[in-house]
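To keep things clear, I will list the structure first and then write my remarks on it.
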Amino acid sequence: FAPPPPPPPPPSYESFLIVVRCVRKWAKARGLYSNKLGYLGGVNFNIMVAMCCQLYPAASPSALLRKFFLVYTRWRWPDPVLLTRPHDAGLGQQVWSPFNSTMNRQLMPIITPAYPAMNSSLSVSRQTLQIMQGELTRANAILDEMWADPESQMPGNDDGHMFEQLFVKTDFFIDYAHYLALVICAPTASDLQSWTGFIESRLRKLISDLMGKSLPLSKIQLWPKKFDGCFADKTSGLTAAQRQHSCAYFVGFNIDRLRMKGDQLNVETQIQAFKTTELQRFQPAIPGCDMTTNYFTTKRLPKEVFAQYEGGKEEAMKKRRERRDADPKRQAKKREAKLEEMKKMLADKESAENVGATVVNVDEAEEVGGPEVDQEDSLLESALDNIGGKDREQAETERQRLLNEGEYNEEDDETRDSARLADAGFDGESADSVVLKIATPAWRAKRSVITPADDDDDDEEPGSSKVRRIEIKMKTKFERVIELDGDGNIVDKGDANFLPYAKFAGRCGGFEFKAGSRGCGYYRTGVKVQIPANKL
């Protein structure tokens, strides 16, 4: 006899699978899916969805998805998410306990149900928790709005599918004002793979511990997806092999102006501390493996990071301008500026009306006081006659002569044209028979430049205007920086601790590029280098 078929899975398990897939898709679209970089991973989301299934065992997948965002939006972190009570089997393994002093400081504990119970979200920091709480609140608001009016969000409606807005990709590369590219480079592809994995496991310490705690930043976020390619500056000193085998992670941050001191933000101290405390633990050390940084603003970001937009970078910048113009704070500032401008225009208009009213009153006074005004005019005219030495008729005649001085006179047209043609170098009796004579200036006739190589060329005419170019060619190629002794001879002091500077090719394993007493070159790390002093 054939064995009986297995019983069908309970309805809650099917709902669990559907909701887990939706939550993972939402987390990947919003940039929250990476346990290694300080966010949540697959195990974390499985435990969180399983707890919602325990709270609402008979809920449908759509209702369970809404309850997921509702529960964890209002969850009082750091209260732990527990599927079962942790138990100690007495096998010597450390079990998570809320009474442990070190475990009480964990920000977002999501406890595994199996023995030994441990926190699966230990890498979550304050910065990533802030970002995830914001995204959970956004998703909860979207589902609440759709749940209140489900008919308007049906597939046949013009507004789109019910959950379409939930899975919209985040606008990380237009949300922040400043970006920092962490460029990871290695000499070969295999070295890059191991070097990148090592740095990924420690990037959260750079973002949360070093930059997030010591810099005046209001918000900082690490994008959990890496971009293949070299985004380093041209002056970074990377070799061709390093540029070919490189990838980059991007960090976006906003500066807190209230905590900012000065106009410049220095992040070099945190980067160097991260290299000395974390990256030096990589064993075995591979020459050429390094991490460099490059700063970008939103407008200077490379086009490769805007691949999610159909129109590329132009569409992203257009969306950024629309969001910036729709900002309530920016609109309030525009209204205040417009109000101040209107107040200023109104004040100028009132002052102009007051001046006009004063002029009108003067005119009215002139009309009323006729004899007094006539007497004042006569006194003014007599004073002007005494100052200029001319009476009113003579002054008017002089004014008309000055006004008509530049008018065209048809009788003197031919005489005036002849004089102008003669002054310009023309010879002829009329404008119809003109012969042009232009004398070549002396400085233009001697325009040609004579070089030592062309002294023997006598075939050229003395009045030629050919310009000869000067070319300088070096017979000796200077391929490296050299040191000269007192007699001018080259001194080469290359040995096991010093490599002369032949051609700059980036970093050299075990050596540091310095300017020492032997000249510019690679000095072995740890060897004392004597820095030459300037003597007057």
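Quick reminder: no glycine exception, Cβ is built from N, Cα and C everywhere.
According to TrEMBL:
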- 16-147: domain 'Poly(A) polymerase central' (DOMAIN)
- 171-212: domain 'Poly(A) polymerase RNA-binding' (DOMAIN)
- 312-330: compositional bias 'Basic and acidic residues' (COMPBIAS)
- 312-337: region 'Disordered' (REGION)
- 385-417: region 'Disordered' (REGION)
- 388-404: compositional bias 'Basic and acidic residues' (COMPBIAS)
Near the region 'Disordered' (312-337), which residues from the same chain, at least 6 beyond its ends, have a CB less than 8 A from one of its CBs?
171, 173-174, 298-299, 301, 303, 306
Spatial neighbours of the domain 'Poly(A) polymerase RNA-binding' (171-212) far in sequence, C-beta under 8 Å, 6+ residues away:
31, 36-38, 123, 125-128, 219-223, 226, 230-232, 236, 238-239, 241-243, 245-255, 267, 270-271, 273-274, 278-279, 282, 286-298, 301, 305-306, 316-317, 319-320, 323
For the domain 'Poly(A) polymerase RNA-binding' (171-212), jot down how many residues DSSP puts in helix, in strand and in coil.
26 helix, 8 strand, 8 coil
Can you tell me the mean pLDDT for the domain 'Poly(A) polymerase RNA-binding' (171-212)?
95
Tally of residues which DSSP labels helix, strand or coil - the domain 'Poly(A) polymerase central' (16-147):
66 helix, 6 strand, 60 coil
